[in-house]
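Below is one structure; the comments refer to it alone.
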Amino acid sequence: MAVNKCIKYLLFFFNLLFWISGCIILGVSIYLKVHKDGNEITNESLPGIDLMIAIGVIIMVLGFLGCCGAIRENRCMLLLFFISLLLIFILLLAAGILGAVEEKKVKEWMKERLAKFTPLSSQPENVKDDLEKLQRELKCCGLINGPSDWKVVPDSCRCNATDTNCKPTGYYSEPCSDKIISLMEKHMEVVLGIAFAIAILLIFGMVFAMILYCQIGKKEVITSTA
């Protein structure tokens, strides 16, 4: 029994897409880490970016492994590839469910990490510079409690009287934590969208890998008994 060439090359094609997806995850994760909006404050509130970089590298390696297993018709590589895809799929599913169910707790956890920067005036200069940059761009002041997070409120907190969140004192009334979390959520929407596409590829990859694995096994049995 010959191995189905259609299945073989479909698996190779999907592994190529899988490898490209790993490249995309790696590229997007690195972009988010070094993006101009990223600094000490935002990096602290989203440590998962480093994890996404690692995942991108792993997916690239697995994509390469799957391509080799398909072309060489190597059952050991295909089985290892299938098990790896299954584990990644389970982890993605668990992370998605946990993120949806515990969204409120995740936001509270992010606020707790940001709260450790207060009082802001006692932070190193690079942290204060990062926050002042965010205050200008996001039109907010302070991290958790507003202007009171600063001992001396900086000029970056000053606002125009026409702004809706401008206090009579001339400072922005809204703390930056909510806006930082909103910014992180926009970034995570990109990551989640890519993760969903990866999950679809995982399913196809597992199906084709197992079909090819079984066909190679039958071919080996026929060859050995011939």
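Cβ coordinates come from backbone N, Cα and C, glycine included.
Computed from a predicted structure; not experimentally measured.
Feature annotation from TrEMBL assigns disulfide bond to CYS141-CYS159. The transmembrane segment annotation in TrEMBL covers 9-31, 51-71, 78-101, 190-214.
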State, in range form, which of 9-31, 78-101, 190-214 has the highest count of Cβ pairs under 8 Å to the transmembrane segment (51-71).
9-31
Would you mind listing the long-range same-chain contacts of the transmembrane segment (78-101), meaning Cβ under 8 Å and 6+ residues beyond its ends?
15, 58-59, 62, 65-66, 69-70, 192, 195, 198-199, 202-203, 205-206, 209-210, 212-213, 216
